[in-house]
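Feature annotations, reproduced from TrEMBL:
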- B:9-152: domain 'Cytochrome c assembly protein' (DOMAIN)
- B:38-60: transmembrane segment (TRANSMEM)
- B:72-96: transmembrane segment (TRANSMEM)
- B:108-126: transmembrane segment (TRANSMEM)
- B:138-158: transmembrane segment (TRANSMEM)
- B:187-207: transmembrane segment (TRANSMEM)
Amino acid sequence: MEYRQRYALNGILLYVVSTIFVAYLIFNVLEDTKTWNALFWIILLFSATNATSKSFQHESDNRFLYIYTLASPQAIIIAKAIYNMLLIVLVGIVHYTFFSLLIGNPIDGTGLFISGLLLGSMGIATVLTFVAAIASKTNNNTTLMAVLSFPIMLPLLLTVIKVSTLASVGFGFEEGGIYLLVLGLINIVILTLSYILFPYLWRA
Amino acid sequence: MKNWWKILAFILLLFTVIGGFLIEVPKQVILYETIRNLYFHVPMWFTMIFLFLISVIYSIKHLSSSNMHHDIVAKQMVNTGIIFGILGLITGSIWAKYTWGTYWTNDVKLNGSAITMLVYFAYLILRNSMDEEQKRARIAAVYNIFAFVMLVVFIGILPRMYDSLHPGNGGNPGFNSYDTDKNMLMVFYPAVLGWILLSLWIANINIRINKLKEK
């Protein structure tokens, strides 16, 4: 269903790459891991917001009704969430590759970083999917999207940044494992919440 | 005596103000007399959390019943809670100025409270962006529940992962451990109860005004 809008996917990938290129032109190579982490996650966050904000907009009313007769709301939110997860994970991987190529890669604990990246992008994707569903019901949804989602994403972001800071100074799974666990738990909480609450949104 | 709790709130707060400023407090290095802020700053946050909790309960009630009364209660609880949150921030930063030497530091608990405020401002903005009443009530309720759970995650998990300057964390003396003596508790508990009752009173008035406006 979403796959039909492939041009959007290419658009997002290009968005990521060009943002990284701009950052590269400004910073060249970053030595400081703190700045590296900040820049990395900010770019990923904004690309993710851009990528998912459209996920409920394109549905016209008629098609909405049609899907409504076909599938239960739970199935729809789960499907959307899974699609967005795949999308953001893909964006995250592309982002990481280009970022390391151009701006440099201070990460020593690559395994830890990658798992943090995966879990983090999944969490970001689920929160954004749910908030996009809320925002699509209102009139001015682009601003609202950011206003609504950033504060609730913060626990996730802070944990993920903690993981990547640990990874950048070379820690492995023993030290970072607890944070990965926290990330996983937050993911589960978000998914369950959207599963329970989405039917109410759908009916509104 | 339908309004006994309003009188109780008045008496308790009178006691808090008089007792809070006059009753003997333990002398602590750095803190000294600023420890009296315990009667004002801490209950503000307790009250705010309490109001937001009620708001979430009413949001859940609204989703299961579609009763507009529940929506109004949820909204006004948030409004009143924000007032107490702002008061908590103000009392907190004045206290921090005298003990830490700055109004604001980069600290988990401080940031947590700021984020809480952001979330609830976002809630109000979300409400204002919709006109249709039923729809607004429903969507706001959904966001309220979602945001509250994320806040619980935030306030519950993250501060334990970082050190904090704030009393009660990372080797700092916490108010609830050894330095809260009997005198202080004698004022503190009534203070908490008094502020909560006062907040319910304010919220109650807000709800009634809101209902009159709807008519």
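Cβ coordinates come from backbone N, Cα and C, glycine included.
In the domain 'Cytochrome c assembly protein' (B:9-152), helix, strand and coil residues by DSSP number 120 helix, 0 strand, 24 coil.
Beyond the ends of the transmembrane segment (B:38-60), by six or more residues, the same chain brings 16, 20, 70-71, 73-75, 77-78, 80-82, 84-85, 87-88, 91-92, 95, 113, 116, 120, 140-142, 144-145, 148, 151, 175, 180, 184, 187-188, 191-192, 194-196, 199, 203 to within a C-beta distance below 8 angstroms of the stretch. Within its own chain, the transmembrane segment (B:72-96) has Cβ neighbours under 8 Å at 34, 37, 40-41, 44-45, 47-48, 51-52, 54-56, 58-59, 62, 102-105, 110, 113-114, 116-117, 120-121, 123-124, 127, 140-141, 144, 195, 199, 202-203, 206-207, 210-211, 214, counting only residues six or more beyond its boundaries.
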